[in-house]
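Chemist: Have a look at this one.
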């Protein structure tokens with residue numbers, strides 16, 4: 001059986017889409033090939049790696065990539081995770097489903113180190129919950 005392809009997109013492929021790829025591989029890996037990319041490639045944020053490691057998901061080997069047009073064409077579902085990607089995302093083929101799941105950008109969190117870290121954990125958990133719901137309901 002061929003797996004479907006899900007493609008998580010955000011602005012820099014640094015935090016949200018990286019965490020989504022990690023969660024996606026955990027919850028969707030049996031039925032979906034899971035990828036992520038960004039309008040730009042900012043490198044994987046070390047705090048995203050740390051936040052995911054804290055809950056037992058290793059994303060340290062994932063790479064920060066710009067959107068691959070061939071993969072975009074192959075994708076069965078494109079999920080944008082932030083406003084910028086939703087606005088600037090390349091056109092997707094009309095037969096491809098595209099949805100937007102908005103999450104705060106933890107890299108832009110302000111405050112003390114402790115407050116910034118709390119945002120990474122919150123966004124990590126929100127993304128995980130959303131992907132788990134999708135895995136269970138298809139929505």
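Using N, Cα and C of the backbone, Cβ positions are placed for all residues, glycine too.
Found this in Swiss-Prot, in case it helps:
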- 10: active site, nucleophile (ACT_SITE)
- 10-82: disulfide bond (DISULFID)
- 82: active site, nucleophile (ACT_SITE)
- 82-89: disulfide bond (DISULFID)
- 89: active site, nucleophile (ACT_SITE)
Chemist: Please report the Cα separation of residue 82 (disulfide bond) and residue 10 (active site, nucleophile) in Å, rounded to an integer.
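Modeler: Residue 82 (disulfide bond) to residue 10 (active site, nucleophile), Cα-Cα distance: 6 Å.
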Chemist: Quick check on the recorded positions 10, 82: which one has the highest count of other Cβ atoms within 10 Å of its Cβ?
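Modeler: Selected residue: 10.
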